[in-house]
Amino acid sequence: MVLSEPYWDHHIPLPKLGPLHSRLVTAFVALICFINSYNGDFVFDDSEAIINNKDLNPDTPLSNIWKNDFWGSNLSSNSSHKSYRPLTVLTFRINYLLAGGLHPIGFHVLNVALHCVISVLMIDVFAILIGGLVHDGRGVKLNLSPKASFLAALFFAAHPVHTESVAGIVGRADLLCALFFQLSFLVYCKAFQGGDKKFPVLWIFSSILLCAVAMLCKEQGITVLGVNAAFDILMVCNLDIYELAHRLLSRRKSADIGGLVSSGLLMRLALLFLGGSFLLYARWRIMGTGPPSFTEVDNPASFAENVILRIVNYNYYYSLNAWLLLCPWWLCFDWSMGCVPLIKSATDWRIVWPLLLWCCLMGLVYQALCSQDSNKRRTLTFGLVLLAIPFLPASNLFFRVGFVIAERVLYLSSAGYCLILAYTVGYCSCHWKKHKVHYNVGKNLADRGNQSAAVKYYREAVRLHPKYVHAMNNLGNILKERNELEEAEELLSSAVHIQPDFAAAWMNLGIVQNSLKKFDKAEQSYWNAIKFRKKYPDCYYNLGRLYADLNRSIDALNAWRNATMLKPDHSLAWNNMVILLDNTGNLAQAELIGKEALKILPKDHTIMFSLANVLGKQEKYKESEGFFLNALKINPNVASCHGNLAVLYHRWGKLDLAKRHYELSLRLDPNAPGTKENYNMLKRKLEQRQRTVG
């Protein structure tokens with residue numbers, strides 16, 4: 001049996017706990033959810049099964065519990081419900097003895113404790129059904145689905161539909177049945193510990209014996225044999241039902257049957273069938289006078305004369321049971337006495353619910369049989385197996401039952417629902433995190449400068465989730481930098497259409513539209529960004545750049561001033577103000593702005609450079625020289641700074657220093673604009689001076 005770890009397990013939003021801690025947490029959740037029932041009284045059916053049941057009294061011979069039904073009536077009586085549960089009654093008798101009478105607290109505490117134990121064991125059951133039977137070299141079973149099995153067990157521990165089974169003392173029958181049901185299944189699985197499919201017959205008999213014990217707690221226990229058989233077929237032998245059916249229809253039978261025989265599957269199934277048949281026969285013999293008799297009040301649908309009406313109402317009951325699992329909002333201890341009126345015509349709107357139920361079930365069955373994902377097939381199949389098989393005795397398919405709906409019979413079936421629910425959570429988390437994974441990888445690559453690879457991952461994130469606005473925004477930014485402006489505009493426009501208050505996308509859209517010369521649209525996009533994010537200095541900065549391109553100098557200066565007010569260390573906004581004032585001839589104001597900026601950003605070499613240029617134009621050579629030299633101390637490899645300092649020295653008459661910085665500038669950037677021409681002019685001037693001196 002070769003199985004892989006379910007890919008969706010690690011995406012489940014739960015911490016990965018060790019085996020002990022996950023069990024403690026599950027037990028704690030089960031305890032917290034139902035501990036408030038510990039001081040309850042005897043209620044509803046407790047009066048007949050416990051208070052009025054003479055088999056609990058120590059004065060009554062112990063042998064009576066093997067002759068009487070759950071309610072203390074003789075099984076041979078025509079009035080008996082034939083519910084033969086002697087081990088459950090025995091636990092009631094033990095409670096009675098320990099408490100010295102009918103004191104309900106001990107009964108309730110044991111029920112809660114049983115539910116805690118069952119919830120903990122569910123981790124092992126779910127781990128096997130989801131991840132399979134895998135063992136390490138020492139034979140220790142490995143849990144390949146720690147988060148999924150833990151989550152499903154938590155759902156089971158806390159499910160409100162268990163209220164009747166746990167809070168009602170007669171629910172002890174369902175709890176004990178579930179406990180031995182689990183043990184029977186786990187013992188059956190234990191047989192395959194070494195991966196040997198031809199395991200000793202002892203394991204089968206042990207599993208059947210525990211099934212018999214479960215039946216002595218409640219009749220529903222027989223269904224564990226069906227679950228064991230399904231596990232053997234689907235997990236141990238890894239039989240693909242869909243493929244097998246296809247082969248059988250294609251008349252390719254011999255190889256498949258031979259494989260089943262050689263694996264020992266048919267022998268194991270035969271033993272399970274014979275063991276189950278023996279238990280059913282023994283159970284039938286114990287009933288003595290035949291099946292129990294119920295009245296129309298107990299189960300009205302089963303007394304409907306029209307077969308179609310019976311089928312429709314039975315299916316309506318199934319849909320109500322499914323709704324209780326899905327949304328246990330209205331729970332009830334007794335659904336008889338007309339609580340659920342019969343559907344009597346095709347015009348009754350309630351007929352929609354059975355149709356909806358079967359549509360959902362068919363969808364699940366289709367995915368369980370035909371999905372290409374083996375993990376998905378396995379998990380959904382076992383979810384449906386656990387959901388349906390334990391419910392069969394209550395389905396009215398084989399015999400009439402004495403109730404319309406009974407939440408207690410959903411105790412075991414809810415495990416299948418919890419398994420499907422845990423898979424759904426894992427699948428949705430995985431599906432969402434796939435988008436996040438591609439987005440995160442793309443962002444990481446972009447941060448490292450690998451834009452081509454980043455584009456690939458961002459595109460995949462958008463493909464998987466067409467409304468992933470953050471991926472659209474980042475992809476649009478990269479495309480903008482690569483000058484793929486039309487696609488960038490399309491992506492960013494989609495992002496703000498999907499999320500109109502996405503301020504960053506509005507700003508980036510404005511930058512792209514500005515580059516496309518769509519100035520009016522760009523201005524509107526910037527103002528939209530500011531509308532949704534009032535304090536947005538970067539947007540004010542880009543708005544100022546737009547106004548500068550449009551020669552709206554006052555508007556540009558105001559926008560950049562807003563940027564520096566919101567973010568005092570916004571270097572680009574300060575620098576652009578100095579440059580714009582310099583270019584427009586406002587040298588004195590440019591000097592003031594530059595010096596104001598350097599009070600806030602005393603080590604910003606770009607502002608020093610711009611201010612030095614302004615001072616040089618004002619012939620404040622000494623002060624200008626100081627700012628150039630300070631800028632070069634911080635960043636000595638800026639060719640333009642050496643070049644402009646050389647121009648300053650050239651004007652100042654310090655020709656040797658000018659020659660030195662021209663040469664440094666050209667060494668750093670041989671193609672620096674204007675520098676070579678200025679250097680050549682200086683050389684001619686120096687040659688002329690040398691000739692004059694000579």
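Glycine is treated like the rest: Cβ placed from N, Cα and C.
Note that TrEMBL annotation is computational and uncurated.
Keep in mind that this is a model prediction, so the values were computed, not measured.
As annotated by TrEMBL, domain 'DUF1736' applies to 290-362. The repeat 'TPR' annotation in TrEMBL covers 435-468, 469-502, 503-536, 537-570, 639-672. Positions annotated as transmembrane segment by TrEMBL: 20-38, 112-134, 169-188, 200-216, 265-284, 351-369, 381-403, 409-430.
Contact check: the transmembrane segment (169-188) against the transmembrane segment (265-284) gives fewer than three Cβ pairs closer than 8 Å, residues 6 or more apart, which falls short of the contact criterion.
The DSSP breakdown of the repeat 'TPR' (435-468), given as helix, strand and coil counts, is 27 helix, 0 strand, 7 coil.
Counting same-chain residues at least six beyond the ends of the transmembrane segment (200-216), those with a Cβ under 8 angstroms from any Cβ of the stretch are 84-88, 176-177, 179-181, 183-185, 187-188, 190-191, 222, 224-225, 228, 268, 271-272, 275-276, 279, 283. The listed stretches are 20-38, 112-134, 265-284, 351-369; of these, 112-134 has the most Cβ pairs under 8 Å to the transmembrane segment (409-430).
A Cβ distance under 8 Å defines the sequence-distant neighbours of the repeat 'TPR' (469-502), meaning residues of its chain 6+ beyond its ends; these are 435, 438-439, 442-443, 446, 451, 454-455, 458-459, 461-462, 508-509, 511-513, 515-516, 525, 528, 532. DSSP places the residues of the repeat 'TPR' (503-536) in helix, strand and coil in these numbers: 27 helix, 0 strand, 7 coil. Residue counts for the repeat 'TPR' (537-570) under DSSP, helix first, then strand, then coil, are 27 helix, 0 strand, 7 coil.
Across the repeat 'TPR' (639-672), DSSP classifies residues as 28 helix, 0 strand, 6 coil.
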